[in-house]
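Taken verbatim from TrEMBL:
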- Gly107, Gly108, Leu109, Met110, Arg129: substrate binding site (BINDING)
- Asp130: Mg(2+) binding site (BINDING)
Amino acid sequence: MPLEASKVISILRKFTTCDLSDGIVKYGKKDGGYFPNLARYSSNKHNKPMIGQAYTVLFAPKDDPRPAIKGGYIDNLPKDSVLVIATTENLQKLDAPYTKLNNALYGGLMSTRANYLKSSGTVVFGRIRDIDEHLGLSRDVFAYGKGSAPHGPVVKMVGINIPLRIEIDDYPKPRLETITPGDYIMGDDNGIVKLDNNEQVAKILEYIPKRVEADTLVMQDIREGKKCNPSQKARRAAL
């Protein structure tokens with residue numbers, strides 16, 4: 001039986017994205033669920049990790065054949081969710097600045113409403129604007145970059161709470177990573193990590209504190225003058 005979302009969020013709040021990635025790697029995902037190139041442009045008052053379930057929004061070019069969704073998305077943002085905004089693949093880039101759009105997809109008014117609705121934070125695979133407003137709200141906002149112009153003249157919203165496909169450069173070839181509504185999104189100063197909402201969640205959450213405890217002992221050993229590699233092998237042997 002899957003864990004309740006509130007319990008998953010409560011557990012992950014005690015850790016970092018690096019801790020979560022260690023757990024994800026342990027159970028077979030080599031990249032640790034990490035999404036590269038996103039910067040934290042503002043954070044909560046205590047600079048704690050952001051964690052919540054993904055509520056997704058997709059933007060496409062104006063000439064996309066799909067009709068624009070009217071009425072906006074922000075007023076339906078669930079409590080404790082992480083708002084994740086992305087564009088269609090034809091607007092994504094593998095190299096910097098990772099988006100073909102110079103217009104911002106997200107601004108201060110959206111953060112103001114999202115904070116009122118008690119959403120946990122925002123991740124934008126594109127540009128944001130109104131930086132001072134996000135900072136003043138102490139809202140967690142991650143993005144590829146900044147802009148000043150609104151998105152309205154160049155893109156339209158074509159999807160709400162649908163899977164988002166993010167293009168990531170990798171070796172030996174680029175890959176697509178999917179964010180599904182309800183996946184767990186965690187962010188801190190190291191960046192953004194996704195935990196798929198599946199049957200492995202409980203195993204990963206059980207592993208994380210054990211790994212953190214082992215690494216804490218490794219750190220203690222190193223400070224006492226012991227060699228790093230033997231200490232790592234000994235402390236992690238039971239994991």
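Numbering starts at 1 and runs along the chain as it is shown here.
Glycine is no exception: its Cβ is also placed from the backbone N, Cα and C atoms.
Keep in mind that what you see is a predicted model, and the values were worked out from it rather than measured.
The maximum pairwise C-alpha distance among Gly107, Gly108, Leu109, Met110, Arg129, the residues recorded as binding substrate, is 11 Å. Spatially close to Gly107 (substrate binding site) yet at least six residues away along the chain are Ile128, Arg129, Asp130, Glu133, Pro150, judged by Cβ distances under 8 angstroms. The most crowded of the binding-site residues listed here (Leu109, Met110) is Met110, judged by how many other CB atoms sit within 10 Å of its own CB. Listed in chain order, the extra residues whose Cβ falls within 8 Å of the Cβ center of the substrate site residues Gly107, Gly108, Leu109, Met110, Arg129 are Ala104, Tyr106, Ser111, Thr112, Ile128, Asp130, Glu133, His134. Taking the Cβ of Arg129 (substrate binding site) as centre and 10 Å as the limit, one finds 19 other Cβ atoms among all the protein chains shown. DSSP assigns Met110 (substrate binding site) to a helix. In this view, Gly108 (substrate binding site) is surrounded by 19 other Cβ atoms within 10 Å of its Cβ, with every protein chain counted.
When other Cβ atoms within 10 Å of the Cβ of the residue listed as 'Mg(2+) binding site' are tallied across all protein chains shown, the result is 21.
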